[in-house]
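> After the structure tokens below, expect a handful of questions from me.
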Ligand SMILES: NC(=O)C1=CN([C@@H]2O[C@H](COP(=O)(O)OP(=O)(O)OC[C@H]3O[C@@H](n4cnc5c(N)ncnc54)[C@H](OP(=O)(O)O)[C@@H]3O)[C@@H](O)[C@H]2O)[C@@H](O)CC1
Ligand SMILES: Nc1ncnc2c1ncn2[C@@H]1O[C@H](COP(=O)(O)OP(=O)(O)O)[C@@H](O)[C@H]1O
Ligand SMILES: [K+]
């Protein structure tokens, strides 16, 4: 699903009105009806007090139209208009007028000086003050209103966007932004929903398809794309009947050191669990018993170093290298790392200490095969790119780095973002239970397994990130967030692939959708 900028959404809006030969007010009515239906489905006529705060632009117009539908259906609605300027939008005015048809209680005009209306903890607040038209930080009375609403313990629903939030530009820490519990957003989610500095303002969110011009939506180059379930289904490559393990590649992990042999077990184990035909773990000598007893399916090659990898000698051919988890940064490990990456001609998955070594020896970047995949968490990313001032600069720097070195960067987090040149893929699976040691090691093994099975590097990466998160989601249904651990996430990889193709009502075998 595409993520568009506020400006692109306004263009899509205009294009829809032109091509579908509808008025902007018809579109607003369509939007408001869709939001109303979703609210009505949940509230089912419940007599809860609903306070709708409307601005004077089109977001406010949406709010007034939603209010009209709610009043018509017997809800207990009070409407406030933040009447802070004279620049009311035409569609706001139409809906301000139309609400007269259904109630004698006019919306309460707030002149932006007075005390704030009383809010009780029983109320539901619908926020339709500002949407994508916000063009500067809120200040004065308006900012205080947002703080006041945020302090109330009521359930808050945002229309399109929480008021005060920018769709795709950076905020200052002190900016006033509504903290919604749920957001109904139109046509596409906004980039700010997925970024750590702002995503918490959105609560849970659902995207309402408001039928914007399909032609515009098809041709527009998005800011980023969210990997939907359907997109992930289309990435999946089913295995063919007359095949053998040699058809599914050979992953060679280069991982582990004394006290961190688990990293080798987790990355190699995940590679087996995600379908690699063969997996060999290149490990320090002392880790052999542990690795072989933990993972009987995995072969091992031992470095001469007893407690860390000191060299890289092997005669394997056509392997996919997955390098870095738990290797440490000892001098001889760094030399072995350099030897390994220089020797490799196909894309490499580089994680953890491997990224730190690259940051220390940036001259190695030119030796990495094109489309190699780096999977840094933010600490590692800072070593590679330096500090960033906000979430957007983080993405810009990652894009520049990706373009300059022809690499794919996986920026891990609550919504992991895969950056490949100017393209960005936002992941929407996963949960906070995955914030547990070793879950990144699992991800590196999954990416390597998909590469080994013949997925192209970008698809292998984006699909692996999706499946890794989906495995965590499925595992959390049994283990809760607290009970998740990396090996459990890894053990749910197969189940999450099955789940990808399962109709929620009808359990069935995996099959391609096209
Ligand atoms: N996209 C679509 O397809 C569809 C979009 N729709 C809806 O339209 C919404 C966008 O509407 P919009 O463009 O009228 O902007 P909106 O968010 O109501 O605010 C604009 C007002 O805010 C003002 N203002 C701005 N910043 C301010 C500040 N800091 N402090 C104070 N004032 C500030 C600005 O005034 P000005 O900058 O001129 O002073 C202007 O008056 C969108 O979110 C969705 O709900 C649907 O109805 C149909 C399909
Ligand atoms: N709050 C969260 N929500 C979703 N996924 C998360 C969250 N926190 C961490 N993860 C995922 O867990 C993994 C953690 O990786 P990383 O920090 O490298 O762990 P480790 O180094 O211990 O293996 C990443 O894939 C990340 O996206
Ligand atoms: K809003």
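Using N, Cα and C of the backbone, Cβ positions are placed for all residues, glycine too.
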> 127, 163 bind K(+) in TrEMBL, but which of 59, 83, 209 does that record place at the same site?
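K(+) site check in TrEMBL: besides 127, 163, the record includes 59 out of 59, 83, 209.
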> Have a look through 433, 438, 440 and flag the one TrEMBL assigns to the AMP site that 412, 413, 414, 415, 416 belong to.
440
> Which binding-site residues from the list 59, 135, 163 come close to ligand 3, meaning a Cβ under 6 Å from one of its atoms?
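Correct list: 59, 163.
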> Can you work out the mean pLDDT of the predicted model over the domain 'YjeF N-terminal' (9-218)?
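Summarising the domain 'YjeF N-terminal' (9-218) by its mean pLDDT gives 96.
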> Using the Cβ center of 59, 127, 163 as the K(+) site position, which other residues in that chain lie within 8 Å, going by their Cβ?
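Checked against the 8 Å cutoff, the neighbours are 53, 55, 60, 63, 128, 129, 130, 131, 158, 159, 160, 161, 162, 164, 178.
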> Which has the fewest other Cβ atoms within 10 Å: 412, 415, the binding-site residues listed?
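Across 412, 415, these binding-site residues, the one with fewest Cβ atoms within 10 Å is 415.
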> Near residue 127 (K(+) binding site), meaning Cα within 10 Å, which of 58, 412, 413, 414 (binding-site residues)?
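The binding-site residues close to residue 127 (K(+) binding site) (Cα within 10 Å) - there are none.
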> Given 58, 59, 132, 160, 163, 440 as the binding-site residues, which ones have a Cβ positioned under 6 Å from some atom of ligand 1?
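Listed by sequence, the hits are 58, 59, 132, 160.
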> Look at each of the binding-site residues, 58, 132, 135, 163, 416, and point out the one with the fewest other Cβ atoms around it within 10 Å.
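Each of the binding-site residues 58, 132, 135, 163, 416 was scored; lowest Cβ tally within 10 Å is 135.
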> So which of the binding-site residues 59, 61, 127, 132, 135, 415 sit close to ligand 2, that is, with a CB under 6 Å from an atom of it?
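Those binding-site residues that pass the cut-off are none, since no Cβ is under 6 Å from ligand 2.
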